[in-house]
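According to Swiss-Prot:
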type	residues	note
BINDING	GLN154, ARG163, GLY187, GLU209, GLU238, THR266	S-adenosyl-L-methionine binding site
DOMAIN	141-450	domain 'SAM-dependent MTase PRMT-type'
MOD_RES	ARG501	asymmetric dimethylarginine
Amino acid sequence: MSSLRPEEARKLATAASVSPLSNCQFCGVVISSIADEQKLEFTNKYKGSCTLLCSYDSQGVVLRVVSDDDRSHVLKEYMITADTDAAQMGRRSYAVSLDADNLVLRFGSEQDQQLFRKVVENVKHLRPKSVFSQRTEESSASQYFQFYGYLSQQQNMMQDYVRTSTYQRAILGNAVDFQDKIVLDVGAGSGILSFFAVQAGAAKVYAIEASNMAQYAQQLVESNNVQHKISVIPGKIEEIELPEKVDVIISEPMGYMLYNERMLETYLHARKWLKPQGKMYPTHGDLHIAPFSDESLYSEQYNKANFWYQSAFHGVDLTTLHKEGMKEYFRQPIVDTFDIRICMAKSVRHVCDFLNDKEDDLHLISIPLEFHILQTGICHGLAFWFDVEFSGSSQNVWLSTSPTAPLTHWYQVRCLLPMPIFIKQGQTLTGRVLLEANRRQSYDVTIDLHIEGTLISSSNTLDLKNPYFRYTGAPVQAPPGTSTQSPSEQYWTQVDTQGSRNSSSMLNGGLSVNGIGDGMDITHGLMHPH
């Protein structure tokens, strides 16, 4: 699609007017401050006229003031939000309260004043209606979009070879779903998935990104000469308007334990733009849950909390905080990886259907548990990982974060019990995991476990927003007690076997190089020097 048809251009213009305007600039603006409110006396705040630069931000619109004579230096920066007080004054002036400043902006033309007024009104009009804003604290949203606005964080995700390559294979391997199709990329970030869609033959991709990463995505689009294919739209999917319905929605909405960050709700919300029988990549997600035994991990957290059990720390008694310290450490989910042999039973699978589940279904997720214990030991908590499937017309592709699969930047998550429970092979462990969404873009995770036929039970509530990142990069160790033969004898047997092979190779006229026989024949060089 080399250019937009008139009707499409009209719709895009409408979308721009509905969504918060971005990248607007107004030249020749005289900025005055109100010196005396009763007498309505004004004084010029800056010498000469200024240029106002407006750019979309997750919290509203950033307004930067620069001099008309020197635009390289920002004189002042303000934030226009839903709470900003503003009013029109005549045909070319606009009064606005920004931070502690009561300003009057006199524009160079009536058209500029009307456009600036629309910028302010759009912010005030849209934010109260936003589903995202209703479910998210402003401080959490600000930190979230700031985090994903860093190139280093985008690089961290892009360099996850398993993640990025699986997405590319799923999209290119199902090119029939993308060829000449309209695609929506939700939470586009750098736009890498949008580029994959274009590689698969997409006619048009709308890349929606709410963080400042949108400007970098636009740079990549322009430098790769695909601006006729990819339209980067700054904003949240809950707030923007598209000019048309789409055939496919692509996104990478998964967080730790699948649901963290509550991006899945945004992904499901985007279905309002999906045509009937449209595709979603990925199509569904499976959360796996299994009981595990890991005395080392439990002791590590327990001993950290025991710092607060000191009665003479530099002469200060800390013991009054021991209980709260213990509670805080055990409220932290552990993000790392492990040998799957620590799992004491087959995992329970909870499915999230991205094509049919509703946003509200993710506000309170109750997962019943029933485990048939395969090995006797102490259950220290529950382990979580997830798989997602891309169900395409040509092939199905899976992305897995299982401990048996190659490691990804999601790792796995473990939730500890403050009071572990001893359980025997053949017993049944039942219970429930309850994920309760909060306005910090995460979940409170409550675990309740009970050994059937006994009075033994244990529970805990954890804060998924505050995990402990334990992964060190060291190789995963097998759980204790899994060796069925002497490891020492196994090693020396291998050494003896390798030595016998090397000796045999030498006797047969060859030279062993790094354990590989017949590496080279040096006899010719020794007997026939040049």
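Every residue, even glycine, has its Cβ placed from backbone N, Cα and C.
Note that the coordinates shown come from a computational prediction; the quantities given were computed from them, not determined experimentally.
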Top Cα neighbour of ARG501 (asymmetric dimethylarginine) in the set of binding-site residues GLN154, GLY187, GLU209, GLU238, THR266: GLN154
Site of maximum Cβ density within 10 Å, from recorded positions ARG163, ARG501: ARG163
Number of other Cβ atoms within 10 Å of the Cβ of THR266 (S-adenosyl-L-methionine binding site) across all protein chains: 22
Fewest-neighbour residue among binding-site residues, criterion Cβ within 10 Å, set GLU209, GLU238: GLU238
In the chain carrying GLY187 (S-adenosyl-L-methionine binding site), residues 6 or more apart in sequence that have Cβ under 8 angstroms from it: ILE208, GLU209, ALA210, ILE237, SER251, GLU252, PRO253, MET263, THR266, TYR267
Neighbourhood of GLN154 (S-adenosyl-L-methionine binding site) by C-beta distance under 8 A, where only residues 6 or more apart in the same chain count: TYR148, GLY189, SER190, MET213, TYR216
Distance in Å spanning the most remote Cα pair of GLN154, ARG163, GLY187, GLU209, GLU238, THR266, given for S-adenosyl-L-methionine: 26
Assigned element (helix, strand, coil) containing GLU238 (S-adenosyl-L-methionine binding site), judged by DSSP: coil
